[in-house]
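Residues annotated as transmembrane segment in Swiss-Prot: 7-27, 43-63, 77-97, 112-132, 142-162, 172-192.
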Amino acid sequence: MLSLFRIIIHVCCLGPVAWLAWVLLSGDESQLGADPIKEIQHFLGFSALTILLIMFILGKVFYLLKQPQLQVLRRALGLWAWFYVVLHVYAYLALELGYDFSLFVQELVNRGYLIIGAIAFLILTLMALSSWSYLKLKMGKWWFYLHQLGYYALLLGAIHYVWSVKNVTFSSMLYLILSIMILCDALYGLFIKRKGRSTSAHTGKD
């Protein structure tokens with residue numbers, strides 16, 4: 001069953017980039033709107049944020065259903081999200097800026113939503129690199145701390161999305177609200193866990 005779920009995840013996550021490749025290869029850029037370059041960037045970024053959001057939602061669902069063995073599926077989703085983020089950044093650098101790195105730095109400094117997006121990208125990159133079993137073992141407890149930053153990367157990604165579209169849309173606000181709820185739930189869970197440990201420690205001393 002776990003193998004079947006993995007296949008479903010990979011097929012679904014491959015869908016967006018496969019569709020985009022088909023559109024570009026077919027030459028039918030009319031499906032990308034009036035500004036294909038902007039649409040490609042937004043499509044890739046939206047796909048990354050969607051997959052990341054699904055990853056955290058499924059994590060909560062698996063926890064509530066008491067199916068911890070399914071949590072390993074989140075790793076594949078996380079790596080796919082990072083893959084789309086890399087494509088999103090590359091599309092911006094290549095298609096929008098023409099590989100002009102000095103302009104990239106200038107844009108990064110002058111545009112707040114790019115700074116927020118860059119921080120989220122950095123967090124996701126570190127998480128992706130640390131998904132290697134060897135590094136996970138070497139990092140010990142720091143691996144857990146690093147991956148807790150994923151919740152903040154999700155929120156930063158949602159803020160980046162809302163800010164970059166410039167106009168308030170239903171999808172951008174929905175993603176922002178869901179991201180805030182997921183982060184708050186994670187922080188509440190950590191608070192309860194630490195409170196429980198503190199209570200146990202005091203009880204042991206008594």
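Yeah, the Cβs are placed from backbone N, Cα and C, and that goes for glycine too.
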Checking distant contacts: for the transmembrane segment (172-192), what same-chain residues at least six beyond its ends satisfy Cβ-Cβ under 8 A? 49-50, 53, 56-57, 60, 148, 151-152, 154-155, 157-159, 161-162, 165
With the cut-off at Cβ under 8 Å and a gap of six or more residues from its ends, the chain residues touching the transmembrane segment (43-63) are 13, 16-17, 20, 32, 70-71, 73-74, 77-78, 80-85, 87-88, 91, 117, 124, 150-151, 153-154, 157-158, 160-161, 164, 171, 175, 178-179, 182, 185
Report, as numbers and ranges, every residue of the chain located at least six residues beyond the transmembrane segment (112-132) whose Cβ falls under 8 Å of a Cβ in that stretch; write 'none' if there are none. 45, 52, 75, 78-79, 81-82, 85, 89, 139, 143, 146-147, 149-150, 152-154, 156-157, 159-160, 163-164
